[in-house]
Each structure stands twice: as structure tokens, then as C-alpha cells.
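J.: Below you'll find the structure I mean.
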């Protein structure tokens, strides 16, 4: 008799994705972050659903409804902080996942990589509209500043901004539509995740050696299910330490002040996971230039498969590109720090140098290093 999981139409899909999936036997813990992102997405959707049951998307009551969730709803404080800090964990896993993809040459699976970039952009959009919902000072002014950037688009800019706002400023209509977007986008992300997995399972995973692993594969279950479970336990442990001991460490104190259009906070800045992009945005002295730099800071990831000329897969045996990679990571951390600093000397200058280096490493230095390493191989 045939095994049900191999014949049943629904179970067959799960079986081919999580049980009998042929997996390289040498993939390291850096490959755990895909499953951790799946767990983060599930946590965010579940906590978000319970928050939406008590939240009101109206400027008069939004701030009070969040306070009500924390004070009066059973375990409301836990759900709220799980959702807020879950977003931070989501982005930590995302950045590591992308970093792993760059280091081990996963971008050569171009369909999977491109869907991944779409996923990154959609997740960033979701987090941005979500940050507006508590209707604190930073929510309001963050929404005002970032949506206002669209006015830099020639000819249609001003009309576009007013259309997104639903009026002449960030107000009731803006909050309502942002709530609608924040509710629907995670389900769109889930659909993209399935496409991401579909493309990945067409080619199979890469592995740390960068060599073809077709001759040496093992089933995903039980080895990798247990390995992923360990990752999940560690992720939940870090998340719970954040939520129960340091719930506000990654937030902004200004967001505990209700939104006031007449009073601007001293330093308007987004959540920590957007600071690198915010620093790049602020580095260009021209408004439109800044907006383009902001968009390109993510879209530049799409150039990796195009600019790669290396004979080797991944950076394991490529010392020059490896050095550039770690300089790139350090530079990203500098940009994150600069994004949270006031706009004054020397921060502006450091930000401009770091922004230029961010693009230079990806578009100029890494392709040159590829060619040098190819020449060294011929010696």
C-alpha cells in the first residue's frame, strides 16, 4: 500500500517541501534563517490578528486603543510587544538571510533571488505602514516625512502625495488606509513566500562549499526538521527575553506621546531596521536624488547575479571579495548608526562617504575583485 503523504494531493505538496525534500548534507546554521522567517511571519500574522480585534483606526481613538490593549485586554501587553519586537526579529533574520545569500552566492538562483527582493520590499512597506498605526509622535511625523518624499517625483508628485494621504495632510483617511494596507500585505507576503519556495525547490538549495551537491543529498526530515526546531527555540528565547525584560529597548520614547501635528519631535527617525536606508536617503542633498538613492539601496541587490563574473560559487575561496564583503557589512552598521544621529557635522560627511561606499562595493569593487580572482586562478 502506498504511503498517504506521497499520494494525497495536499499532503504530497507538504511532503515534497518539508519531508522528502532532497537537501545538501552539509548546509550550515546560516541556512536556518529561511525557516525562522516563516516562523516570524506566522507570529506576526497571529499577534496582528488579535491586535486588530481591539484596535481602532481612527485618529481620535487609535492611541487610546493601543493603551487599552496594553492595560485592559488579557495579555494584551504581551501580544502588543510580541508584535512590535517580532518585527525586529523578522528584520534581523531577513538581513542575515540576505547576507548569507550574498556570501554563499545564492543570488545565482536568480528567480528565487528576485522574488526575495520583492519580499524584502513588501516587508519593508508593511513595517512602515504598521509603525504609523499606534498614532504616536514618531508614527505621525515618520508617516509625514516619508510619504512627503513622493512629492519629489516630477509633474505628478504633489498629486500623488495628496492621493496617498486622502487629503492635504496625514490625517484620519491616511490612518484608515494604512491599517487596511497593514492588514492585507502580510497575506500577500505569504503568497510571495510560496512562490519563493516554489522557485527554490526547482533548483534545490546551495551549500557552503559552493560545489554541486546533487550526488550527496539527504531527506529534509528528520535531520533538518530537528535542526530548524533548535533555531526556532533559540529565536523564541531571544524574542521572549526582549519582550519580557526589554520591551521598549528598540522603540522610540516619542511614540508614547500622542500624535500632535503642531509639535515636531527634535529628531525624526524610523525604526532601527530602516536606519541604513534613511542614512542613504539623507546623504543626497537633492530631494529627488535622495529618493532615488533610497529605492536603489534595495534594488541594487538585483545587480548581484548580473555583475557576477566569478568562476566560483560563493566567497569561501575568494579572499579579495570576502574582505570586501566584511567591509560592506561594517559599512552597513555605520550607516545604521548614522541614520539615528542628528543632521550635523561630522555625521553628514560620514553618512555621505558610507553611502557612496555602499554602492561602490556592490557595483564597482566586487566585479573588479571577481576579475582579479579569475586571473589568479589561471596562474
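Note that Cβ sites are derived from N, Cα and C of the backbone, with glycine treated the same way.
Values in this document were obtained by computation on a predicted structure and should not be read as measured data.
From Swiss-Prot, here are the annotated features:
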- 33-53: transmembrane segment (TRANSMEM)
- 77-98: transmembrane segment (TRANSMEM)
- 83, 182: heme b b562 binding site (BINDING)
- 97, 196: heme b b566 binding site (BINDING)
- 113-133: transmembrane segment (TRANSMEM)
- 178-198: transmembrane segment (TRANSMEM)
- 201: ubiquinone binding site (BINDING)
- 226-246: transmembrane segment (TRANSMEM)
- 288-308: transmembrane segment (TRANSMEM)
- 320-340: transmembrane segment (TRANSMEM)
- 347-367: transmembrane segment (TRANSMEM)
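I'd like to know what surrounds each of these features in this structure.
T.: Secondary structure at residue 83 (heme b b562 binding site), taken from DSSP and collapsed to helix, strand or coil, is helix. Less than 8 angstroms from the CB of residue 83 (heme b b562 binding site) sit 44, 47, 48, 51, each of them six or more residues away in the same chain.
Long-range Cβ neighbours of residue 97 (heme b b566 binding site) (same chain, at least 6 residues apart, Cβ-Cβ under 8 Å): 33, 34, 37.
Residues 17, 37-38, 41, 44-45, 48, 52, 55, 57, 112, 115-116, 118-119, 122-123, 125-126, 129-130, 132-133, 143 of the same chain lie 6 or more positions beyond the ends of the transmembrane segment (178-198) yet place their CB under 8 Å from a CB of it.
A C-beta separation below 8 Å, combined with a sequence spacing of at least six in one chain, links residue 201 (ubiquinone binding site) to 16, 17, 21.
Sequence-remote contacts of a segment are chain residues at least 6 beyond its ends whose Cβ falls under 8 Å from one of its Cβ atoms, and for the transmembrane segment (226-246) they are 29, 32-33, 35-36, 39-40, 43, 78, 81-82, 85-86, 88-89, 93.
Counting only same-chain residues 6+ beyond the ends of the transmembrane segment (288-308), those with a CB under 8 A from a CB of the stretch are 98, 102, 105, 107-108, 110, 113-114, 117, 120-121, 124, 149-150, 152-154, 276-278, 280-282, 355, 358-359, 362-363, 366-367, 370.
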J.: Across all the protein chains here, work out how many other Cβ atoms are within 10 Å of the Cβ of residue 182 (heme b b562 binding site).
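T.: Result for residue 182 (heme b b562 binding site): 22 other Cβ atoms within 10 Å.
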J.: Ranking 33-53, 113-133, 320-340 by Cβ pairs under 8 Å to the transmembrane segment (347-367), which is first?
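T.: Against the transmembrane segment (347-367), the leading stretch is 320-340.
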J.: Calculate the distance in Å between the alpha carbons (Cα) of residue 196 (heme b b566 binding site) and residue 182 (heme b b562 binding site), and round it to a whole number.
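T.: Residue 182 (heme b b562 binding site) has its Cα 21 Å from the Cα of residue 196 (heme b b566 binding site).
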